[in-house]
């Protein structure tokens with residue numbers, strides 16, 4: 001069984017678990033296995049959250065007026081009595097604008113989970129709805145939270161597609177798609193798991209790009225676009241499942257035909 | 001209706017406390033509510049691999065028995081209940097790991113369609129050779145799975161002593177018990193390991209060693225299983 005003594009097992013044998021607790025303000029870093037008894041640490045330290053939140057939301061010297069640039073973070077650092085040079089030392093991203101955009105993505109995802117996903121099944125009008133209805137509800141809830149930065153969203157999206165930021169963007173997109181699928185009630189155990197997350201990520205990106213091209217007050221158009229996209233996904237899933245069922249029935253029929261012919265001969 | 005003495009025996013042999021979930025146990029006792037430290041990245045990666053590979057392994061076992069049952073159930077009626085019993089246990093194992101995979105948000109193996117076809121094919125082809133070859137296949141698969149579960153248990157026993165504090169006071173607890181989540185996983189792995197080894201014994205009792213060529217068959221299937229485990233752990 002030597003082959004099973006993987007590098008991971010060796011790493012565990014050398015590992016020491018003595019890390020201290022930290023504040024558990026949302027959002028947390030979602031990676032690997034999600035434990036119920038060992039909750040993850042907060043992704044941002046409290047002081048980082050305060051600074052980034054100021055940079056993202058301050059209506060005078062934050063993103064709403066200055067966009068996703070370095071300046072809101074410098075202003076936030078100055079407002080919190082920190083050195084401006086810290087703008088380059090935020091370890092959560094490669095650059096100050098990306099750090100703010102990533103903070104926006106992570107906090108809005110955490111907000112969607114806390115305010116919508118976890119209470120989704122308690123809402124009377126949501127009970128009895130399908131998985132696709134719940135997905136649509138969560139997508140709309142998440143995109144509605146972009147309205148706060150609607151005028152600057154294009155600049156933020158431009159940060160996400162910078163070559164140096166692609167890995168962090170895709171990781172965050174994966175986490176978002178996984179949250180959307182999980183909280184809409186997905187119980188896939190096979191390749192459908194990948195297909196669903198891929199489709200949901202594609203829908204989210206399309207909807208966000210659509211939203212970025214619209215004025216802030218036109219959210220009704222975004223909602224209509226989300227409904228159209230989710231409906232298309234549902235139709236595709238129905239077509240695929242029908243084809244699979246048809247193929248399976250035909251395969252069983254063929255096997256039974258061969259067996260009956262062999263028995264007769 | 002049970003008599004009074006019978007009820008006493010039942011209470012003694014199956015104390016209600018033992019059946020309580022960890023959460024219930026905590027609420028009825030005066031033990032402090034514990035807040036455990038987070039898992040390390042390596043521990044999380046290990047648990048993710050455990051869930052993914054065990055899910056894929058149980059899926060494989062489920063489909064191997066399906067293939068064997070498809071061929072042997074009508075040809076050898078005396079084997080039907082034996083195969084059915086083992087197959088039902090594998091379905092239960094598979095369902096358990098499916099639930100764990102969705103609850104713990106673990107990515108399933110991307111090779112799942114291949115595992116399904118491959119496992120059904122192994123079950124079908126060995127059963128087509130002979131009933132002894134089918135049993136030899138069971139011996140090979142269960143030997144590898146049993147050893148693999150043991151390896152996982154060793155790591156779960158040795159590497160998951162995680163610190164905790166009192167949830168109310170924040171006081172550090174010396175030598176806290178293993179968290180209910182890890183304890184439950186250990187129990188699941190232990191129970192499934194024992195059931196897999198029962199299947200191995202059943203296969204040996206049903207003339208697995210009379211299969212021709214026994215060594216070639218079992219060693220080839222063992223090697224296939226090891227490659228499958230290595231792959232399913234990773235992708």
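Glycine too: its Cβ is placed from the backbone N, Cα and C atoms.
As recorded in TrEMBL:
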BINDING   B:58, B:90, B:93, B:196  Fe cation 1 binding site
BINDING   B:90, B:142, B:196, B:199  Fe cation 2 binding site
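On the structure: features taken from TrEMBL.
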residue: B:58; record: Fe cation 1 binding site; DSSP class: helix
residue: B:90; record: Fe cation 1 binding site; DSSP class: helix
residue: B:142; record: Fe cation 2 binding site; DSSP class: helix
residue: B:196; record: Fe cation 1 binding site; DSSP class: helix
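Recorded residues residue B:196 (Fe cation 1 binding site) and residue B:142 (Fe cation 2 binding site) have their alpha carbons 6 Å apart, per Cα-Cα distance. Among the binding-site residues B:58, B:90, B:93, B:196, B:199, none has a Cβ under 8 Å from a Cβ of chain A.
Excluding B:90, B:142, B:196, B:199 themselves, the residues of that chain whose CB lies within 8 A of the CB mean position for the Fe cation 2 site are, in sequence, B:61, B:86, B:89, B:138, B:141, B:145, B:146, B:195, B:197, B:198, B:200. Cβ neighbour count for residue B:93 (Fe cation 1 binding site): 23 (other Cβ atoms within 10 Å of its Cβ, all protein chains included).
Taking the centroid of the Cβ atoms of B:58, B:90, B:93, B:196 as the Fe cation 1 site, the other same-chain residues with Cβ within 8 Å of it are B:57, B:61, B:62, B:89, B:92, B:94, B:145, B:192, B:195. For the pair formed by residue B:90 (Fe cation 1 binding site) and residue B:199 (Fe cation 2 binding site), distance between Cα atoms is given as 10 Å, rounded to the nearest Å. On its own chain, residue B:58 (Fe cation 1 binding site) has B:90, B:93, B:94, B:96, B:97, B:192 as residues at least 6 apart in sequence with a Cβ closer than 8 Å to its own Cβ.
Around residue B:142 (Fe cation 2 binding site), the same-chain residues six or more apart in sequence whose CB sits under 8 Å from its CB are B:196, B:197, B:199, B:200, B:203, listed in sequence order. Within 10 Å of the C-beta atom of residue B:196 (Fe cation 1 binding site) sit 26 other C-beta atoms, taking all shown protein chains into account.
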